[in-house]
Amino acid sequence: MNIYLQELKRFLSKKSVRVYLVVGLFFTFLISFITYRSVQYYDISSGDTITYFGKEAIDHFNEDDKASEGYLTEEKMTKIVKFYNKTLDNENVDSREKLSKKANKNISQFNPILRVITYPYTSTTSGGLLDVSELDTKKGLNFYQNCYDALKRDIKQKYNNDKITEFALEKYKEVNKPYYYGGYFSEDTLFFVNIFITVLSLICILISSQCIVEDKENHLDPIFRTTKNGRNKYVYSKVLALVSIISLYLIINISIYYGTIKYLYTNGLDSSFQTLLFNQLSLSNLTIGKVILNAFLLSVLFTIASSMLSIFVAINSKTSMVSSAISSALFLTPSLLYGKSVFKPILYLFPSFGLGTGDNSLLEQYKKFEFVKLPNITLWIPKFLVIMALINIALYLFISIKSYNKIEQ
């Protein structure tokens with residue numbers, strides 16, 4: 001315990017570590033401010049344009065969309081589509097763009113539902129999504145059955161594997177229905193969340209790299225490499241100190257940023273994750289708020305796993321520049337190469353796969369229906385990533401200790 005506390009104190013006293021910690025904290029406040037100011041509402045009712053930001057803007061959005069709040073039952077959605085079509089008929093137009101301002105305003109109160117309601121329906125002629133006016137309401141929309149059928153069609157087309165299709169459909173059955181819309185939520189926030197996680201995780205990885213490799217550059221390592229027990233005890237304490245700093249640092253910053261999001265959206269975070277645009281087939285049985293919170297908490301696990309790899313790289317590097325460059329490159333590799341399907345099976349093995357701003361991020365994986373087929377089991381990617389993170393932590397901790405215990409000749 002004494003060695004652990006000494007290492008903890010020594011790492012926190014390093015100038016490079018303090019700089020990284022301050023930069024990360026500053027970034028957290030900056031991204032919180034940007035997230036707050038990015039929500040804008042333009043009020044033109046008085047003749048002049050009045051712009052509201054943040055909480056005030058969301059209150060105005062929620063007031064406009066109040067009629068959409070609640071559970072998206074088949075009956076409710078059918079009534080909305082009928083109202084939409086009746087409004088078009090009353091003004092004798094064939095599209096919403098041609099409606100009068102008053103009629104458009106009457107329809108806009110249902111925008112949160114209208115923007116997602118057509119996703120499961122595909123035109124048999126063009127193959128594109130149907131317009132709201134093309135939906136058949138005579139026998140009811142059968143929205144949730146159409147979601148099920150669309151998922152089945154897409155999974156079969158993508159994988160052509162009966163077991164994966166069956167697994168996906170069973171998982172979709174577990175999703176709470178009808179979906180629930182609680183209030184306004186800007187999808188730009190998910191992009192900001194990904195940026196926040198990426199930057200903070202990268203800072204933690206650089207801290208891990210610097211703390212290990214600087215001892216080599218300052219010739220401190222040989223002092224601790226005396227007996228086998230001494231080396232083991234020291235490296236365990238060293239790694240534990242780094243994990244403690246990283247975990248506590250991430251939790252503090254996450255608390256600040258999630259607190260900002262929670263203050264902004266309150267009711268919007270209670271909406272089903274499937275109410276997001278083009279997300280009606282998601283297999284996640286969580287609300288928007290819980291998906292974001294999950295992404296934050298699991299980012300701590302993924303960052304620790306990535307830091308273990310960074311520690312291994314640092315132990316085998318001679319300079320901090322080389323160590324930082326390699327660690328950063330390995331961290332960013334999944335984001336840069338995810339779009340190339342040939343690399344996907346390999347990228348799943350990277351500790352940083354669920355981190356980043358690309359389609360590999362955990363938030364994006366919650367939207368997708370991608371799976372890993374193992375000999376006796378099929379796993380949805382978010383669950384698979386958690387298992388891989390735990391394996392990577394154990395693996396890189398083991399080989400890091402082995403590498404550290406090799407006394408330099």
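Each Cβ is built from the backbone N, Cα and C atoms, and glycine gets one as well.
What TrEMBL records for 20-396 is domain 'ABC-2 type transporter transmembrane'.
Per TrEMBL, the feature transmembrane segment maps to 20-39 (among others). Non-local neighbours of the transmembrane segment (20-39) in the same chain are 53-55, 57-58, 186, 188-189, 192, 195-196, 199-200, 203, 206-207, 210, 249, 252-253, 256-257, 260-261, 264; each lies 6+ residues outside the stretch with a CB under 8 Å from one of its CB atoms.
Taken from TrEMBL, the feature transmembrane segment applies to 190-213 (among others).
According to TrEMBL, the feature transmembrane segment maps to 234-258 (among others).
Within its own chain, the transmembrane segment (291-315) has Cβ neighbours under 8 Å at 189-190, 193, 197, 200-201, 204-206, 208-213, 239, 242-243, 246-247, 250-251, 254, 257-258, 261, 269, 273, 284, 323, 326-327, 330-331, 351-355, 361-363, 366, 382, 385-386, 388-390, 392-393, 395-397, 399-400, 403-404, counting only residues six or more beyond its boundaries. Per TrEMBL, the feature transmembrane segment maps to 291-315 (among others).
Look at TrEMBL and you will find 322-339 (among others) tagged as transmembrane segment.
Outside the transmembrane segment (377-399) by six or more residues, the chain places 163-164, 167, 171, 239, 283-284, 298, 301-302, 304-305, 308-309, 311-312, 348-349, 351, 353-354, 362, 365-366, 368-371 with a CB less than 8 A from a CB of the stretch. Here TrEMBL flags 377-399 (among others) as transmembrane segment.
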Please report, as numbers and ranges, the same-chain residues at least 6 past the borders of the transmembrane segment (322-339) whose CB is under 8 Å from any CB of it.
198, 201-202, 205-206, 208-210, 212-213, 306, 309-310, 313-314, 347, 350, 352-353, 355-361
